[in-house]
Amino acid sequence: MATQFLLVLSVMLLIQSHGGKGDDTPISRFQQYLRFKTAHPNPNYSAPISFLVEQAESMGLTTRTIEYVRGKPVLLVTWLGSNPKLPFILLNSHLDSVPAEADKWIHPPFSAHRTSDAGLIYARGSQDDKCIGVQYLESIRNLKSRAFLPLRTLHISYVPDEEIGGFDGMAKFAASSDFRELNVGFAMDEGQANPGDDFRVFFADRTPWELVIRAHGIPGHGAKLYDNGAMENLMKSVELISKFRDSQFDFVKAGKAANSEVISVNPVYLKARTPSNTGFVMNMQPSEAEAGYDLRLPPMADPDLMKKRIAQEWAPSIRNMTYTIKEKGKLRDHLGRPIMTATNGSNPWWAVFKQAVEATGGKLAKPEILASTTDARYIRTLGIPLLGFSPMINTPILLHDHNEFLKDTVFLKGIEVYESVISSLSSFEGVSAQMI
Ligand SMILES: [Zn+2]
């Protein structure tokens, strides 16, 4: 405990020496948050949480730290609104980051070095997604300095483990009675950068499935032609799956759909052999063959139809095949609806959000489905509308990449955008009950 305390103290001293009291600005606070080593496999959660708590409490916000799994804290920051009867707003971000290979970076990944010419702040997590974690607080700081009072209560959550699936983080939090008590009516979570001029916004995630197909058959001499060999049966399926993959990809190539709007099916491994001391027995046809696929289904895909296709065409028992599907999330909510947030007149929050972004001179790109998966799915599954939004325009997409950076002016513009979004959402009187 004493060594831990000393460690925290020395980290704090180090931070102060990097950006002392004289340099206490939104940018220096962003840099401080970026310097915490939050990369897997050993993310430091306690130091960034202490920092956030200090920031939040210094501006009069209340904080609560909850641990659903030991060592994996969820931080909840609250700004009380004047009308507790209205459903609340939740702004989420994750504390953790993916690892970084330091030797492949121009500047160390946890130095938060800011270049003197272009103002680029290099750090793992600068785009994904420590930017929004700090922007939420900085925009509240500005709103408070203008004596703005929210009507709706606003919660900010900082969750662990998003980058490894969120099972011990948002999944547990979203399923808890604490979460139900928050009475969330509308939520926001991370989005992605855009090299272009428009802000990207995401209304759904794709759902990953891990599919393994296996073929069984009698083994045979390498010289023999016979029916129903395991390899032959597997290759038939591989061909069929490739055709399906092409049919989906054609929509993308023809410009009829975005990458994230189709079902992607990508082979990730093939396994078949009769082992020998030196490698493979070359004159044997093996009795078992297996292939693994990564599937990503957009919310409008029909999971039952997909399962039927797999059972009847890709791994049919009449060709001695079996399969397993590991569904890494749901496609339908508790009422059987596709898990997605409407971005039209049927969702009153959408218009409020859109106007708030436009009020800052920004323009929204066509709403998108995220090609991958975030913690947003755990909240949307509950039927709560959620938009993914990280305000970063004119910025290359560098999440999980070497040399992840965010330009200082882009970060500052994001605070302004969030001021507008938070003040609009928290003043909105239109929805008086959860739309679940
Ligand atoms: Zn992220």
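Just so it is clear, glycine is given a Cβ too, placed from its N, Cα and C backbone atoms.
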- Can you tell which of His40, His94, His155, His221 TrEMBL lists as binding Zn(2+) 1 with Asp128, Glu190? His94
- Message: Looking at the Zn(2+) 2 binding annotation from TrEMBL, with Asp128, His400 already listed, which candidate in Glu163, Glu181, Glu358 is the matching residue?
- Response: Glu163
- Surrounding the recorded Zn(2+) 1 site, with Cβ no more than 8 Å from the Cβ centroid of His94, Asp128, Glu190 and those residues left out, we find Ser93, Gly125, Asp129, Lys130, Ile132, Glu162, Glu163, Asp189, Thr374, Ser390, Leu399
- Among all chains shown, work out which of the binding-site residues His94, His400 has the most CB atoms within 10 A of its CB. His94
- Message: Please report the distance from the Cα of Asp128 (Zn(2+) 1 binding site) to the Cα of Glu162 (active site, proton acceptor), rounded to the nearest angstrom.
- Response: 11
- Within 8 Å of the Cβ centroid of Asp128, Glu163, His400, the other same-chain residues by Cβ around the recorded Zn(2+) 2 site are Ser97, Val98, Gly125, Asp129, Leu399
- In all the protein chains shown, the tally of other Cβ atoms within 10 Å of the Cβ of Asp128 (Zn(2+) 1 binding site) is 27
